[in-house]
């Protein structure tokens, strides 16, 4: 009786009040929808600074086009101290790296904590905290704040709360979905990253006309609302909801619930895995290091693409800040397709490393072509940006979702069900260090040469692919060995029949 009461106390209040569903499929749908919008909100608020950068540090543009005349307030913008000075780009880069440095460090702790507490409450804390500090950054506009350290500290605090999001949502989704078609399901689900970026870009760009503070305030209110919905309705795992993951039916016996991501016959263990133990899981280190360079490329685009577009002649014309922000969403549209394709291909081939490495190698010529020919015309820019987004975000999405879930339930854990958030945090936390390095270096290098920035990104993509070489070889050997075995069995069957 006490055990039953403890289970009920962990159920979301909304599902306790309304009774909840009785089928596995209903809960899985609810989980996918809630976690999708939750993490889309994290990326929506994260994207704002890249859109507002051009308003804070307008620099000098020559020859404004008819695009710019649609938003003449931007062309006359004098910026915001201390970012409209000679060192403005470097200061913005330092704010980015401060945010991402705290985010990456916090990620390791967030995963550790996430495996030890109610993920619904933990995720809600992350969302509300992020909303509060994002609002405070925008409040600098109304409070007339020009102190660099105010913005720096606010972004660092925001990064800490942002780090809670990813380990939490991946662990919750991993609790509800088995290994079959995980790459495709998570590839589609991972579109929340790009959807959040697109929503943040369009909303922040639209609100710039009212003052850059509104670009932070309105998305924060949306995130706080979604955070409350998550707290009220998100079911963390089948066990809490008394659902048997195998039969998909309601079960009154808590002990009859089986872990969804564990292999049949494994004994379920609930002791949280140690940090160093998680690093020793085969595949974690190479994929984590690959993600370091993959996110270096992806986050450089996330934070600097609108700025790059607004300060680059496209068809001999400069675009306004708002138009550049809107155009940059094409990169994320390509990222949606890239994530789905990478997940689907890796499921069909049953080869995560081969798929991720192939996408990273394809990203190299895509980056070169975008830098070389993206300025020819708007149409060339859109097409090449779409292709670049597809190849850059494909492996990033695959590694942070399906690969993390695979490794978090690796056979070497012997059925330990409490490793998922920790493994996810290690992989994405390592990647987030690269995400901090890329924008920081870009802030300094871009003031001298954007071509040098793209050279750095191509080198990072190459290293990301090379780091998976050992795993790629292992997967290819496994495919060859499996093919030889099947051929031998087929020949043996034929001989028996003769």
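Residue positions begin at 1 at the first shown residue.
Positions of Cβ are set from backbone N, Cα and C atoms, glycine also.
In TrEMBL, annotation is done automatically, which means it is predicted and not curated.
Residues or ranges marked as domain 'Major facilitator superfamily (MFS) profile' in TrEMBL: 31-477.
Positions annotated as transmembrane segment by TrEMBL: 26-45 (among others). Sequence-remote contacts of a segment are chain residues at least 6 beyond its ends whose Cβ falls under 8 Å from one of its Cβ atoms, and for the transmembrane segment (26-45) they are 20, 123, 126-127, 130-131, 134, 158, 162, 165-166, 169, 172-173, 176-177, 189, 191-193, 195-197, 199-200, 203, 216, 219-220, 222-223, 226-227, 229-230, 233-235, 238, 241, 243.
Counting residues 6+ beyond its ends, the transmembrane segment (90-109) has Cβ neighbours under 8 Å at 49, 53, 56-57, 82-83, 148, 151-152, 155-160, 162-164, 166-167, 275, 299, 303, 425-426, 428-433, 435-437, 439-444, 447 in the same chain. The feature transmembrane segment is assigned by TrEMBL to 90-109 (among others).
What TrEMBL records for 121-143 (among others) is transmembrane segment. Nonlocal intrachain contacts for the transmembrane segment (121-143), taken as residues 6+ away from its ends with a CB within less than 8 angstroms of a stretch CB, comprise 38, 41-42, 45, 48-49, 80, 110, 113-114, 150-151, 154-155, 157-158, 160-165, 168-169, 172, 211-217, 219-221, 223-224, 226-228, 230-231, 234.
According to TrEMBL, the transmembrane segment annotation covers 149-177 (among others). Distant neighbours of the transmembrane segment (149-177): 27-28, 31-32, 35, 38-39, 42, 45-46, 49, 94-96, 98-107, 109-111, 114-115, 119-120, 122-123, 125-130, 133-134, 136-137, 140, 185-186, 189, 234, 236-238, 245, 260-261, 400-401, 404-405, 408-409, 420-422, 424-425, 428-429, 432; these residues of the same chain sit at least 6 beyond its ends, with a Cβ under 8 Å from one of its Cβ atoms.
The transmembrane segment annotation in TrEMBL covers 189-208 (among others).
For 214-234 (among others), the entry in TrEMBL reads transmembrane segment.
Outside the transmembrane segment (279-302) by six or more residues, the chain places 46-47, 50, 100, 197, 331, 353, 356-357, 360, 363, 367, 388-389, 392-393, 395-396, 399-400, 403, 406-407, 410, 412-413, 419, 423, 426-428, 430-439, 442, 453, 457, 460-461, 463-465, 467-468, 470-471 with a CB less than 8 A from a CB of the stretch. Residues or ranges marked as transmembrane segment by TrEMBL: 279-302 (among others).
Sequence annotations record features per position, and here TrEMBL assigns transmembrane segment to 322-341 (among others).
The transmembrane segment annotation in TrEMBL covers 353-372 (among others). Beyond its flanks by at least six residues, the transmembrane segment (353-372) meets 283, 286-287, 290, 294, 297, 338, 342, 345-346, 381, 384-385, 387-388, 390-392, 394-395, 398-399, 403, 450-451, 454, 457-458, 461-462, 464-465, 468-469, 471-472, 474-476 of its own chain at Cβ-Cβ distances under 8 Å.
The feature transmembrane segment is assigned by TrEMBL to 378-399 (among others).
Here TrEMBL flags 420-445 (among others) as transmembrane segment. Residues 89-90, 92-94, 96-97, 99-101, 103-105, 107-112, 114-115, 119, 163, 166-168, 170-171, 174-175, 261, 272-273, 275, 278-279, 281, 284, 287-289, 291-300, 302-304, 396, 399-400, 403-405, 407-409, 452-453, 456-457, 460 of the same chain lie 6+ residues outside the transmembrane segment (420-445) yet bring a C-beta within less than 8 angstroms of a C-beta in it.
For 451-473 (among others), the entry in TrEMBL reads transmembrane segment. Long-range contacts of the transmembrane segment (451-473) within the same chain, counting only residues at least 6 positions beyond its ends with a Cβ under 8 Å from a Cβ of the stretch, are 283, 286-287, 289-294, 296-297, 300, 304, 353-354, 356-358, 360-361, 363-364, 367-368, 370-371, 392, 395, 434, 438, 441-442, 445.
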